[in-house]
Amino acid sequence: MDLRKIKSALKTALIGSVFSFAAIATNANAGVTDEDILNDAKNTENVVSYGIGLQAQRYSPLDKVNADTVKDLVPAWSFSFGGEKQRGQEAQPVIYDGRIFVTASYSRLFAIDAKTGQELWEYNHRLPDGILPCCDVINRGAALYGDLVIFGTLDAKIVALNQKTGKVVWKSKVDDYKAGYSLTAAPIVVKGKVITGVSGGEFGVIGRVEARDALTGKLVWIRPVIEGHMGHIWKNGKKTDNGVTGTRGATWPGDMWKTGGAATWLGGTYDHEVDLLFFGTGNPAPWNSHLRPGDNLYAASTVAIDPDTGKMVWHYQSTPNEAWDFDGVNEFISFDLKKDGKTIKAGAKADRNGFFYVINRKNGKLISADPFVTRQEWTTGVDMKTGRPVETATARPGDPAKSKDGKKGTSTFAVPSFLGGKNWMPMAYSPKTDLFYVPANEWGMDLWNEAITYKKGAAYLGAGFTIKPLYEEYIGALRAMDPKTGKQVWEYKNNAPLWGGVLATGGDLVFFGTPEGYLNALDAKTGKELWKFQTGSGIVGIPVTWEMGGEQYIAVPSGWGGAVPLWGGDVAKRIKTLNQGGSLWVFKLHKS
Ligand code: CA
(Lines of atoms letter the chains of each structure in order from A and count residues from 1; the text may use other names and numbers.)
(Lines give C-alpha, C1' and ligand atoms only; values in the text may rest on other atoms or scores of the structure.)
Protein backbone atom coordinates (compact mmCIF):
# COMPACT_ATOMS: atom_id res chain seq x y z
CA MET A 1 0.00 0.00 0.00
CA ASP A 2 1.51 3.36 -0.94
CA LEU A 3 1.53 6.36 1.34
CA ARG A 4 -1.31 8.08 -0.50
CA LYS A 5 -3.55 5.07 -0.02
CA ILE A 6 -2.60 4.86 3.66
CA LYS A 7 -3.39 8.55 4.14
CA SER A 8 -6.70 8.15 2.40
CA ALA A 9 -7.56 5.05 4.42
CA LEU A 10 -6.61 6.87 7.60
CA LYS A 11 -8.78 9.84 6.60
CA THR A 12 -11.72 7.56 5.92
CA ALA A 13 -11.23 5.85 9.26
CA LEU A 14 -11.00 9.20 11.03
CA ILE A 15 -14.05 10.59 9.33
CA GLY A 16 -15.77 7.35 10.18
CA SER A 17 -14.90 7.68 13.84
CA VAL A 18 -15.87 11.36 13.92
CA PHE A 19 -19.18 10.46 12.37
CA SER A 20 -19.83 7.66 14.81
CA PHE A 21 -18.88 9.94 17.70
CA ALA A 22 -21.31 12.51 16.34
CA ALA A 23 -23.95 9.83 16.07
CA ILE A 24 -23.45 8.83 19.71
CA ALA A 25 -23.47 12.47 20.80
CA THR A 26 -26.74 13.04 18.95
CA ASN A 27 -28.24 9.94 20.56
CA ALA A 28 -27.28 11.16 24.01
CA ASN A 29 -29.28 14.30 23.27
CA ALA A 30 -31.95 12.51 21.31
CA GLY A 31 -34.62 12.88 23.95
CA VAL A 32 -37.38 10.28 24.07
CA THR A 33 -36.25 6.86 22.79
CA ASP A 34 -38.14 3.70 21.87
CA GLU A 35 -36.86 2.24 25.12
CA ASP A 36 -38.28 5.17 27.12
CA ILE A 37 -41.64 4.53 25.49
CA LEU A 38 -41.51 0.77 26.18
CA ASN A 39 -40.62 1.48 29.84
CA ASP A 40 -43.18 4.25 30.27
CA ALA A 41 -45.43 2.29 32.62
CA LYS A 42 -42.49 1.68 35.00
CA ASN A 43 -40.60 4.98 34.80
CA THR A 44 -42.44 7.27 37.19
CA GLU A 45 -40.54 10.47 36.36
CA ASN A 46 -41.98 10.93 32.89
CA VAL A 47 -45.18 10.12 31.04
CA VAL A 48 -44.00 9.83 27.45
CA SER A 49 -46.96 8.04 25.83
CA TYR A 50 -50.74 8.13 25.62
CA GLY A 51 -51.99 5.41 27.95
CA ILE A 52 -48.97 5.63 30.31
CA GLY A 53 -47.26 2.92 28.29
CA LEU A 54 -48.26 1.49 24.93
CA GLN A 55 -50.39 -1.24 26.55
CA ALA A 56 -52.48 1.72 27.79
CA GLN A 57 -53.18 0.28 31.24
CA ARG A 58 -53.12 3.83 32.66
CA TYR A 59 -51.52 2.51 35.82
CA SER A 60 -48.69 4.19 37.71
CA PRO A 61 -46.88 2.37 40.55
CA LEU A 62 -46.56 5.69 42.45
CA ASP A 63 -47.96 5.35 45.98
CA LYS A 64 -47.06 8.48 47.95
CA VAL A 65 -50.59 9.65 47.32
CA ASN A 66 -52.70 6.89 48.83
CA ALA A 67 -55.75 6.28 51.00
CA ASP A 68 -53.99 7.79 54.04
CA THR A 69 -52.44 10.84 52.37
CA VAL A 70 -54.92 11.80 49.64
CA LYS A 71 -56.78 14.12 52.05
CA ASP A 72 -53.70 16.39 51.84
CA LEU A 73 -53.81 16.62 48.04
CA VAL A 74 -53.96 20.34 47.06
CA PRO A 75 -53.47 22.32 43.83
CA ALA A 76 -49.83 23.10 42.99
CA TRP A 77 -50.88 25.37 40.12
CA SER A 78 -53.46 25.81 37.39
CA PHE A 79 -52.88 26.92 33.82
CA SER A 80 -55.47 28.54 31.51
CA PHE A 81 -55.62 27.59 27.83
CA GLY A 82 -56.90 31.14 27.34
CA GLY A 83 -58.68 32.66 24.37
CA GLU A 84 -62.30 32.21 23.44
CA LYS A 85 -61.72 28.63 22.35
CA GLN A 86 -63.23 27.09 25.47
CA ARG A 87 -64.59 23.80 24.25
CA GLY A 88 -64.18 20.19 25.36
CA GLN A 89 -60.70 19.46 26.74
CA GLU A 90 -60.29 15.70 26.25
CA ALA A 91 -56.50 15.45 26.33
CA GLN A 92 -54.06 13.34 28.28
CA PRO A 93 -50.96 15.44 29.06
CA VAL A 94 -47.50 13.94 28.38
CA ILE A 95 -44.51 14.86 30.55
CA TYR A 96 -40.82 14.74 29.76
CA ASP A 97 -37.79 16.26 31.45
CA GLY A 98 -39.74 18.77 33.54
CA ARG A 99 -42.01 19.87 30.70
CA ILE A 100 -45.71 19.16 30.23
CA PHE A 101 -47.11 18.97 26.70
CA VAL A 102 -50.88 19.22 26.56
CA THR A 103 -53.21 19.64 23.60
CA ALA A 104 -56.36 21.74 23.78
CA SER A 105 -59.52 22.45 21.77
CA TYR A 106 -59.11 23.79 18.18
CA SER A 107 -55.84 21.91 17.56
CA ARG A 108 -53.69 23.84 20.05
CA LEU A 109 -50.66 22.53 21.91
CA PHE A 110 -49.06 24.04 25.03
CA ALA A 111 -45.63 23.40 26.56
CA ILE A 112 -45.60 24.21 30.27
CA ASP A 113 -42.94 24.13 32.99
CA ALA A 114 -44.06 21.23 35.17
CA LYS A 115 -42.77 22.80 38.39
CA THR A 116 -44.12 26.33 38.06
CA GLY A 117 -46.99 26.13 35.58
CA GLN A 118 -45.30 28.80 33.47
CA GLU A 119 -45.99 28.63 29.73
CA LEU A 120 -42.89 27.80 27.64
CA TRP A 121 -44.56 28.06 24.24
CA GLU A 122 -47.89 27.65 22.50
CA TYR A 123 -48.72 26.29 19.05
CA ASN A 124 -51.98 27.38 17.42
CA HIS A 125 -52.68 25.31 14.34
CA ARG A 126 -54.22 27.45 11.60
CA LEU A 127 -57.50 25.71 10.80
CA PRO A 128 -59.27 26.33 7.49
CA ASP A 129 -62.99 27.11 7.28
CA GLY A 130 -65.08 24.05 6.62
CA ILE A 131 -63.48 21.46 8.89
CA LEU A 132 -65.99 18.70 9.76
CA PRO A 133 -65.46 17.49 13.33
CA CYS A 134 -68.47 15.36 14.28
CA CYS A 135 -68.17 15.65 18.03
CA ASP A 136 -66.68 18.93 19.16
CA VAL A 137 -63.33 20.52 18.28
CA ILE A 138 -61.39 18.32 20.69
CA ASN A 139 -57.96 16.74 20.76
CA ARG A 140 -56.87 13.79 22.92
CA GLY A 141 -53.14 14.29 23.22
CA ALA A 142 -49.67 14.21 21.71
CA ALA A 143 -46.87 11.65 21.24
CA LEU A 144 -43.22 12.25 22.12
CA TYR A 145 -40.25 10.96 20.14
CA GLY A 146 -36.67 12.21 20.04
CA ASP A 147 -36.92 15.97 20.52
CA LEU A 148 -40.34 16.04 18.85
CA VAL A 149 -43.89 16.40 20.12
CA ILE A 150 -46.36 15.05 17.54
CA PHE A 151 -50.14 15.52 17.28
CA GLY A 152 -53.07 15.31 14.87
CA THR A 153 -55.24 18.25 13.81
CA LEU A 154 -58.88 18.86 12.94
CA ASP A 155 -57.96 19.46 9.28
CA ALA A 156 -56.50 15.92 9.07
CA LYS A 157 -52.80 16.73 9.35
CA ILE A 158 -50.05 15.42 11.61
CA VAL A 159 -47.71 18.07 12.97
CA ALA A 160 -44.32 17.47 14.66
CA LEU A 161 -42.90 20.33 16.74
CA ASN A 162 -39.57 20.77 18.46
CA GLN A 163 -40.12 20.14 22.18
CA LYS A 164 -37.93 23.07 23.22
CA THR A 165 -38.99 25.74 20.74
CA GLY A 166 -42.44 24.76 19.48
CA LYS A 167 -41.19 25.22 15.89
CA VAL A 168 -42.69 22.97 13.21
CA VAL A 169 -40.20 20.25 12.19
CA TRP A 170 -42.46 18.31 9.84
CA LYS A 171 -46.08 18.34 8.75
CA SER A 172 -47.97 15.61 6.90
CA LYS A 173 -51.38 15.72 5.27
CA VAL A 174 -53.40 12.62 6.10
CA ASP A 175 -56.43 13.29 3.91
CA ASP A 176 -59.03 15.76 2.65
CA TYR A 177 -60.85 17.52 5.51
CA LYS A 178 -63.58 18.51 3.02
CA ALA A 179 -64.46 14.81 2.67
CA GLY A 180 -64.91 14.64 6.45
CA TYR A 181 -61.46 13.45 7.53
CA SER A 182 -59.98 14.84 10.74
CA LEU A 183 -57.63 13.69 13.50
CA THR A 184 -58.43 13.92 17.19
CA ALA A 185 -56.75 10.85 18.74
CA ALA A 186 -53.31 10.88 20.30
CA PRO A 187 -50.73 9.18 18.06
CA ILE A 188 -48.50 6.44 19.49
CA VAL A 189 -44.88 5.74 18.53
CA VAL A 190 -43.83 2.11 18.01
CA LYS A 191 -40.30 1.18 16.87
CA GLY A 192 -39.61 4.66 15.55
CA LYS A 193 -42.88 4.89 13.66
CA VAL A 194 -45.74 7.21 14.52
CA ILE A 195 -48.99 5.23 14.28
CA THR A 196 -52.33 6.95 13.69
CA GLY A 197 -55.86 6.22 12.57
CA VAL A 198 -58.39 8.61 11.00
CA SER A 199 -61.52 10.34 12.27
CA GLY A 200 -64.61 11.06 10.18
CA GLY A 201 -66.74 7.98 10.64
CA GLU A 202 -70.09 9.65 10.09
CA PHE A 203 -69.02 10.97 6.66
CA GLY A 204 -68.43 7.62 4.96
CA VAL A 205 -64.63 7.96 5.08
CA ILE A 206 -62.62 4.73 5.03
CA GLY A 207 -60.97 3.81 8.31
CA ARG A 208 -57.29 2.95 8.14
CA VAL A 209 -54.12 2.70 10.16
CA GLU A 210 -50.99 4.54 9.03
CA ALA A 211 -47.33 4.33 10.02
CA ARG A 212 -44.86 7.14 9.38
CA ASP A 213 -41.21 7.59 10.21
CA ALA A 214 -41.55 9.54 13.48
CA LEU A 215 -38.52 11.74 12.79
CA THR A 216 -39.36 12.70 9.19
CA GLY A 217 -43.10 12.12 8.77
CA LYS A 218 -42.50 9.94 5.67
CA LEU A 219 -45.12 7.23 5.14
CA VAL A 220 -44.06 3.64 5.85
CA TRP A 221 -47.32 1.73 5.38
CA ILE A 222 -51.11 2.17 5.23
CA ARG A 223 -53.65 -0.48 6.15
CA PRO A 224 -57.33 0.24 5.31
CA VAL A 225 -59.64 -1.62 7.68
CA ILE A 226 -62.59 -2.10 5.33
CA GLU A 227 -62.57 -5.30 3.33
CA GLY A 228 -61.65 -4.79 -0.32
CA HIS A 229 -59.34 -1.79 -0.03
CA MET A 230 -55.67 -2.08 -1.07
CA GLY A 231 -52.96 -1.64 1.55
CA HIS A 232 -49.66 0.03 0.73
CA ILE A 233 -46.07 -0.10 1.88
CA TRP A 234 -43.21 2.21 0.87
CA LYS A 235 -40.07 0.46 -0.37
CA ASN A 236 -37.04 2.70 -1.09
CA GLY A 237 -39.38 5.68 -1.14
CA LYS A 238 -41.75 3.97 -3.60
CA LYS A 239 -45.41 3.29 -2.87
CA THR A 240 -46.01 -0.44 -3.39
CA ASP A 241 -49.20 -2.54 -3.22
CA ASN A 242 -49.31 -4.53 0.02
CA GLY A 243 -52.36 -6.74 -0.43
CA VAL A 244 -56.10 -6.12 -0.28
CA THR A 245 -57.64 -6.11 3.19
CA GLY A 246 -59.77 -9.28 3.49
CA THR A 247 -61.69 -10.47 0.43
CA ARG A 248 -63.43 -7.80 -1.62
CA GLY A 249 -67.21 -8.26 -1.66
CA ALA A 250 -67.27 -11.13 0.84
CA THR A 251 -69.31 -9.34 3.53
CA TRP A 252 -70.48 -6.17 1.71
CA PRO A 253 -73.13 -5.86 -1.02
CA GLY A 254 -72.20 -4.13 -4.31
CA ASP A 255 -70.07 -1.02 -3.97
CA MET A 256 -71.04 -0.20 -0.39
CA TRP A 257 -67.51 -1.08 0.84
CA LYS A 258 -66.16 1.95 -1.05
CA THR A 259 -67.74 4.31 1.50
CA GLY A 260 -67.90 1.74 4.28
CA GLY A 261 -66.79 3.85 7.27
CA ALA A 262 -65.06 2.06 10.18
CA ALA A 263 -63.06 5.13 11.13
CA THR A 264 -60.16 4.28 13.44
CA TRP A 265 -60.78 7.53 15.27
CA LEU A 266 -59.57 6.62 18.74
CA GLY A 267 -56.06 5.51 17.74
CA GLY A 268 -54.52 2.29 18.95
CA THR A 269 -52.47 0.43 21.52
CA TYR A 270 -49.44 -1.85 21.21
CA ASP A 271 -48.16 -4.88 23.07
CA HIS A 272 -44.44 -5.58 22.99
CA GLU A 273 -44.73 -9.27 24.01
CA VAL A 274 -46.80 -10.29 21.01
CA ASP A 275 -45.48 -7.39 18.87
CA LEU A 276 -48.92 -6.33 17.63
CA LEU A 277 -50.82 -3.08 17.22
CA PHE A 278 -54.47 -3.18 18.31
CA PHE A 279 -56.96 -0.82 16.70
CA GLY A 280 -60.69 -0.57 17.23
CA THR A 281 -62.77 0.25 14.17
CA GLY A 282 -65.87 2.44 14.00
CA ASN A 283 -69.36 1.63 12.82
CA PRO A 284 -69.93 0.70 9.19
CA ALA A 285 -71.44 3.51 7.09
CA PRO A 286 -74.19 4.43 6.73
CA TRP A 287 -76.04 3.81 10.00
CA ASN A 288 -78.98 2.34 8.07
CA SER A 289 -77.92 -1.33 8.16
CA HIS A 290 -80.65 -2.44 5.74
CA LEU A 291 -78.56 -0.93 2.93
CA ARG A 292 -75.59 -3.23 3.60
CA PRO A 293 -76.69 -6.81 4.42
CA GLY A 294 -73.67 -8.87 5.51
CA ASP A 295 -71.20 -8.72 8.39
CA ASN A 296 -69.48 -5.61 6.96
CA LEU A 297 -65.93 -6.54 7.94
CA TYR A 298 -63.83 -5.10 9.48
CA ALA A 299 -66.16 -2.45 10.92
CA ALA A 300 -67.11 -2.54 14.64
CA SER A 301 -64.13 -4.80 15.30
CA THR A 302 -60.78 -5.06 17.03
CA VAL A 303 -57.99 -5.63 14.51
CA ALA A 304 -54.40 -6.70 15.28
CA ILE A 305 -51.78 -5.37 12.87
CA ASP A 306 -48.07 -6.21 12.43
CA PRO A 307 -46.25 -2.92 13.15
CA ASP A 308 -43.45 -3.74 10.66
CA THR A 309 -45.49 -4.75 7.63
CA GLY A 310 -48.95 -3.26 8.18
CA LYS A 311 -50.56 -6.68 7.66
CA MET A 312 -53.68 -7.62 9.59
CA VAL A 313 -52.92 -10.61 11.82
CA TRP A 314 -56.30 -11.24 13.47
CA HIS A 315 -59.66 -9.60 14.00
CA TYR A 316 -62.61 -9.93 16.30
CA GLN A 317 -65.89 -8.32 15.24
CA SER A 318 -67.99 -7.31 18.25
CA THR A 319 -71.06 -6.14 16.31
CA PRO A 320 -71.64 -7.80 12.89
CA ASN A 321 -73.80 -5.75 10.46
CA GLU A 322 -73.77 -3.04 13.10
CA ALA A 323 -76.96 -0.93 13.21
CA TRP A 324 -76.80 1.30 16.33
CA ASP A 325 -73.60 3.34 15.90
CA PHE A 326 -71.80 0.93 18.22
CA ASP A 327 -68.33 1.91 17.03
CA GLY A 328 -65.85 -0.75 18.06
CA VAL A 329 -63.13 1.83 18.56
CA ASN A 330 -62.58 1.38 22.27
CA GLU A 331 -59.06 0.84 23.56
CA PHE A 332 -57.85 -2.75 23.72
CA ILE A 333 -55.68 -2.99 26.83
CA SER A 334 -53.27 -5.92 27.07
CA PHE A 335 -52.76 -7.54 30.48
CA ASP A 336 -51.92 -10.90 32.07
CA LEU A 337 -55.14 -12.75 32.82
CA LYS A 338 -54.63 -15.04 35.79
CA LYS A 339 -57.41 -17.56 35.47
CA ASP A 340 -57.74 -21.23 36.50
CA GLY A 341 -54.10 -21.39 37.62
CA LYS A 342 -52.84 -20.16 34.24
CA THR A 343 -51.53 -16.83 33.00
CA ILE A 344 -52.99 -15.95 29.61
CA LYS A 345 -51.68 -13.13 27.41
CA ALA A 346 -55.01 -11.37 27.10
CA GLY A 347 -56.50 -8.01 26.27
CA ALA A 348 -59.72 -6.35 27.43
CA LYS A 349 -62.09 -3.93 25.81
CA ALA A 350 -65.29 -2.28 27.08
CA ASP A 351 -67.26 -1.81 23.87
CA ARG A 352 -69.84 0.84 22.98
CA ASN A 353 -72.31 -2.07 22.62
CA GLY A 354 -72.20 -2.73 26.40
CA PHE A 355 -70.02 -5.87 26.48
CA PHE A 356 -66.76 -6.15 28.40
CA TYR A 357 -64.65 -8.46 26.23
CA VAL A 358 -61.59 -10.45 27.24
CA ILE A 359 -59.68 -11.75 24.22
CA ASN A 360 -56.48 -13.76 23.74
CA ARG A 361 -54.17 -11.10 22.34
CA LYS A 362 -51.96 -13.55 20.44
CA ASN A 363 -54.71 -14.95 18.23
CA GLY A 364 -57.91 -12.95 18.77
CA LYS A 365 -59.80 -15.84 20.37
CA LEU A 366 -62.70 -14.69 22.55
CA ILE A 367 -62.29 -15.66 26.23
CA SER A 368 -65.35 -13.94 27.74
CA ALA A 369 -67.99 -11.30 27.00
CA ASP A 370 -70.08 -9.90 29.85
CA PRO A 371 -72.24 -6.80 30.16
CA PHE A 372 -70.84 -3.82 32.06
CA VAL A 373 -74.13 -1.92 31.83
CA THR A 374 -77.42 -2.69 33.61
CA ARG A 375 -79.50 -2.96 30.44
CA GLN A 376 -78.71 -4.14 26.90
CA GLU A 377 -81.88 -3.97 24.83
CA TRP A 378 -80.48 -5.22 21.55
CA THR A 379 -78.95 -8.54 22.61
CA THR A 380 -79.43 -11.42 25.01
CA GLY A 381 -75.69 -12.17 25.19
CA VAL A 382 -72.76 -13.46 23.17
CA ASP A 383 -72.79 -17.01 21.81
CA MET A 384 -69.41 -18.26 23.04
CA LYS A 385 -69.24 -20.90 20.28
CA THR A 386 -69.42 -18.39 17.44
CA GLY A 387 -68.34 -15.26 19.33
CA ARG A 388 -71.37 -13.44 17.87
CA PRO A 389 -73.99 -11.45 19.77
CA VAL A 390 -77.51 -12.87 19.80
CA GLU A 391 -79.89 -10.10 18.74
CA THR A 392 -83.37 -9.54 20.15
CA ALA A 393 -86.38 -9.46 17.80
CA THR A 394 -86.82 -5.69 18.24
CA ALA A 395 -83.12 -4.82 18.17
CA ARG A 396 -83.09 -3.19 14.74
CA PRO A 397 -85.21 -0.27 13.56
CA GLY A 398 -87.45 -1.00 10.55
CA ASP A 399 -86.31 -0.86 6.94
CA PRO A 400 -87.38 2.49 5.40
CA ALA A 401 -87.59 0.83 1.97
CA LYS A 402 -90.48 -1.24 3.36
CA SER A 403 -92.36 1.76 4.79
CA LYS A 404 -95.33 3.39 3.08
CA ASP A 405 -93.44 6.37 1.69
CA GLY A 406 -90.11 4.52 1.41
CA LYS A 407 -88.43 7.24 3.47
CA LYS A 408 -88.70 6.46 7.16
CA GLY A 409 -88.80 3.08 8.86
CA THR A 410 -90.39 2.12 12.19
CA SER A 411 -88.65 3.24 15.37
CA THR A 412 -87.17 1.03 18.07
CA PHE A 413 -85.91 1.70 21.60
CA ALA A 414 -82.32 0.46 21.91
CA VAL A 415 -80.00 0.28 24.91
CA PRO A 416 -77.20 1.39 25.12
CA SER A 417 -77.72 4.59 23.16
CA PHE A 418 -75.44 5.38 20.24
CA LEU A 419 -73.13 7.26 22.62
CA GLY A 420 -72.45 3.84 24.08
CA GLY A 421 -72.21 1.92 27.31
CA LYS A 422 -68.78 3.47 27.14
CA ASN A 423 -67.57 6.02 24.66
CA TRP A 424 -64.03 7.23 23.92
CA MET A 425 -63.00 7.86 27.54
CA PRO A 426 -60.28 5.36 28.38
CA MET A 427 -60.58 2.86 31.25
CA ALA A 428 -57.62 1.87 33.45
CA TYR A 429 -56.28 -1.46 34.68
CA SER A 430 -54.46 -2.02 37.96
CA PRO A 431 -52.16 -5.08 37.99
CA LYS A 432 -52.22 -4.64 41.78
CA THR A 433 -55.97 -5.16 42.21
CA ASP A 434 -56.39 -7.10 38.91
CA LEU A 435 -59.41 -4.91 38.17
CA PHE A 436 -60.43 -2.76 35.22
CA TYR A 437 -62.00 0.63 36.00
CA VAL A 438 -64.60 1.36 33.34
CA PRO A 439 -66.29 4.77 32.90
CA ALA A 440 -69.78 3.63 31.84
CA ASN A 441 -73.06 5.38 31.01
CA GLU A 442 -76.67 4.25 31.30
CA TRP A 443 -78.85 5.56 28.49
CA GLY A 444 -81.02 4.36 25.65
CA MET A 445 -82.37 5.84 22.42
CA ASP A 446 -85.30 5.97 20.09
CA LEU A 447 -83.76 5.03 16.76
CA TRP A 448 -85.18 4.92 13.24
CA ASN A 449 -83.70 4.53 9.77
CA GLU A 450 -84.14 6.77 6.74
CA ALA A 451 -83.23 6.60 3.08
CA ILE A 452 -79.74 7.95 2.34
CA THR A 453 -77.18 8.15 -0.44
CA TYR A 454 -73.48 9.02 -0.11
CA LYS A 455 -72.45 12.61 -0.77
CA LYS A 456 -68.86 13.72 -0.15
CA GLY A 457 -68.52 15.81 2.99
CA ALA A 458 -72.15 15.29 4.10
CA ALA A 459 -73.26 13.27 7.13
CA TYR A 460 -73.85 9.69 5.92
CA LEU A 461 -76.25 8.27 8.48
CA GLY A 462 -79.69 7.36 7.19
CA ALA A 463 -80.92 7.47 10.78
CA GLY A 464 -82.63 9.65 13.35
CA PHE A 465 -82.38 9.32 17.11
CA THR A 466 -83.17 10.75 20.53
CA ILE A 467 -81.11 9.81 23.56
CA LYS A 468 -82.92 9.17 26.85
CA PRO A 469 -81.58 8.60 30.36
CA LEU A 470 -82.63 5.29 31.94
CA TYR A 471 -82.57 6.41 35.58
CA GLU A 472 -83.42 9.56 37.48
CA GLU A 473 -80.58 9.07 39.93
CA TYR A 474 -77.61 8.78 37.61
CA ILE A 475 -76.33 8.32 34.06
CA GLY A 476 -72.60 7.85 34.64
CA ALA A 477 -71.09 4.99 36.64
CA LEU A 478 -67.45 4.15 37.22
CA ARG A 479 -67.38 0.37 37.46
CA ALA A 480 -64.65 -1.95 38.69
CA MET A 481 -64.77 -5.07 36.51
CA ASP A 482 -63.05 -8.35 37.36
CA PRO A 483 -61.68 -9.78 34.07
CA LYS A 484 -61.54 -13.29 35.56
CA THR A 485 -65.28 -13.46 36.23
CA GLY A 486 -66.71 -10.68 34.05
CA LYS A 487 -68.49 -9.46 37.19
CA GLN A 488 -68.73 -5.96 38.58
CA VAL A 489 -66.95 -5.60 41.95
CA TRP A 490 -68.13 -2.09 42.82
CA GLU A 491 -69.59 1.01 41.19
CA TYR A 492 -69.62 4.75 41.78
CA LYS A 493 -72.68 6.51 40.39
CA ASN A 494 -72.62 10.01 38.91
CA ASN A 495 -75.54 12.21 37.91
CA ALA A 496 -74.08 13.42 34.59
CA PRO A 497 -72.67 11.02 31.99
CA LEU A 498 -68.97 10.25 32.51
CA TRP A 499 -66.85 11.48 29.61
CA GLY A 500 -63.25 11.57 30.97
CA GLY A 501 -60.48 9.00 31.30
CA VAL A 502 -59.34 7.01 34.34
CA LEU A 503 -56.00 6.64 36.17
CA ALA A 504 -55.14 3.81 38.59
CA THR A 505 -52.16 4.03 40.96
CA GLY A 506 -49.97 1.91 43.20
CA GLY A 507 -51.42 3.92 46.08
CA ASP A 508 -54.61 1.91 45.39
CA LEU A 509 -56.45 4.97 44.16
CA VAL A 510 -58.57 5.53 41.06
CA PHE A 511 -58.73 9.08 39.69
CA PHE A 512 -61.33 10.36 37.21
CA GLY A 513 -63.18 13.58 36.48
CA THR A 514 -66.87 14.39 36.17
CA PRO A 515 -68.82 16.86 33.99
CA GLU A 516 -69.87 18.51 37.26
CA GLY A 517 -66.24 19.63 37.58
CA TYR A 518 -64.80 17.30 40.21
CA LEU A 519 -61.59 15.35 40.06
CA ASN A 520 -62.40 12.32 42.24
CA ALA A 521 -60.13 9.85 44.02
CA LEU A 522 -61.73 6.54 44.98
CA ASP A 523 -60.39 3.56 46.89
CA ALA A 524 -59.36 1.10 44.14
CA LYS A 525 -60.57 -1.90 46.16
CA THR A 526 -63.92 -0.64 47.42
CA GLY A 527 -64.92 2.37 45.30
CA LYS A 528 -65.24 4.53 48.41
CA GLU A 529 -64.86 8.22 47.66
CA LEU A 530 -61.75 9.48 49.48
CA TRP A 531 -61.16 12.93 47.97
CA LYS A 532 -62.54 15.34 45.42
CA PHE A 533 -61.72 18.78 44.10
CA GLN A 534 -63.84 21.23 42.10
CA THR A 535 -61.92 22.45 39.01
CA GLY A 536 -64.43 25.09 37.90
CA SER A 537 -65.54 23.46 34.63
CA GLY A 538 -66.51 19.93 33.61
CA ILE A 539 -63.74 17.36 33.31
CA VAL A 540 -63.66 15.30 30.10
CA GLY A 541 -59.86 14.93 30.05
CA ILE A 542 -57.53 12.20 31.27
CA PRO A 543 -55.54 12.38 34.55
CA VAL A 544 -51.86 11.39 34.76
CA THR A 545 -49.34 11.18 37.60
CA TRP A 546 -45.55 11.47 37.82
CA GLU A 547 -42.77 12.15 40.30
CA MET A 548 -40.61 15.27 40.43
CA GLY A 549 -38.10 16.21 43.15
CA GLY A 550 -39.34 13.32 45.28
CA GLU A 551 -42.96 14.48 45.20
CA GLN A 552 -45.92 12.84 43.42
CA TYR A 553 -47.89 15.10 41.08
CA ILE A 554 -51.29 14.58 39.44
CA ALA A 555 -52.48 16.56 36.40
CA VAL A 556 -55.86 16.73 34.66
CA PRO A 557 -57.29 19.03 31.97
CA SER A 558 -60.62 20.67 32.82
CA GLY A 559 -63.08 22.07 30.25
CA TRP A 560 -66.59 20.85 29.58
CA GLY A 561 -67.62 19.77 26.07
CA GLY A 562 -67.33 16.81 23.72
CA ALA A 563 -70.16 14.88 22.09
CA VAL A 564 -72.73 14.85 24.93
CA PRO A 565 -73.85 18.52 24.82
CA LEU A 566 -73.99 18.31 20.99
CA TRP A 567 -75.82 15.01 20.58
CA GLY A 568 -77.31 14.37 24.01
CA GLY A 569 -81.05 14.63 23.21
CA ASP A 570 -83.01 14.47 26.47
CA VAL A 571 -79.74 13.99 28.36
CA ALA A 572 -78.54 17.42 27.24
CA LYS A 573 -81.30 18.95 29.39
CA ARG A 574 -79.72 17.46 32.49
CA ILE A 575 -76.34 18.97 31.77
CA LYS A 576 -77.29 22.35 30.32
CA THR A 577 -76.16 24.29 33.39
CA LEU A 578 -72.54 23.07 33.18
CA ASN A 579 -70.01 25.76 32.26
CA GLN A 580 -67.29 25.62 29.64
CA GLY A 581 -63.64 26.19 30.43
CA GLY A 582 -60.12 25.29 29.43
CA SER A 583 -57.31 24.76 31.91
CA LEU A 584 -54.80 22.28 33.25
CA TRP A 585 -54.87 21.55 36.99
CA VAL A 586 -51.86 20.10 38.79
CA PHE A 587 -51.96 18.69 42.34
CA LYS A 588 -49.47 17.49 44.95
CA LEU A 589 -49.50 16.70 48.67
CA HIS A 590 -49.56 19.68 51.01
CA LYS A 591 -46.46 19.74 53.20
CA SER A 592 -47.31 20.57 56.77
CA1 CA B 1 -69.85 6.38 14.87
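We count from 1, first residue shown onward.
Cβ atoms here come from the backbone N, Cα and C positions, even for glycine.
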Kindly point out which candidate in Arg126, Arg140, Arg223, Arg388 is recorded by TrEMBL as part of the pyrroloquinoline quinone site with Glu90, Thr184, Asn423, Trp424. Arg140
Among Asn139, Asn162, Asn283, which residue does TrEMBL annotate as binding Ca(2+) together with Glu202, Asp325? Asn283
Nearest to Thr184 (pyrroloquinoline quinone binding site) in three-dimensional space, by Cα, is which of the recorded positions Cys135, Glu202, Asn283, Asp325? Cys135
In Å, rounded, how far does the Cα of Trp424 (pyrroloquinoline quinone binding site) sit from the Cα of Cys134 (disulfide bond)? 13
Would you please pick out, from the binding-site residues Asn283, Asn423, the one with the fewest other Cβ atoms within 10 Å of its Cβ? Asn423
Largest separation between Cα atoms (Å) of residues that the record links to pyrroloquinoline quinone, namely Glu90, Arg140, Thr184, Asn423, Trp424: 14
Under 8 Å Cβ-Cβ from the compositional bias 'Basic and acidic residues' (399-408), and at least six residues away from its ends along the same chain, one finds 288, 290, 448-451, 462, 464
Between the Cα atoms of Glu90 (pyrroloquinoline quinone binding site) and Cys135 (disulfide bond), what distance do you get, rounded to the nearest Å? 11
Using CB under 6 Å from any atom of ligand 1, narrow the recorded positions Cys134, Cys135, Asn283 to the ones that qualify. Asn283
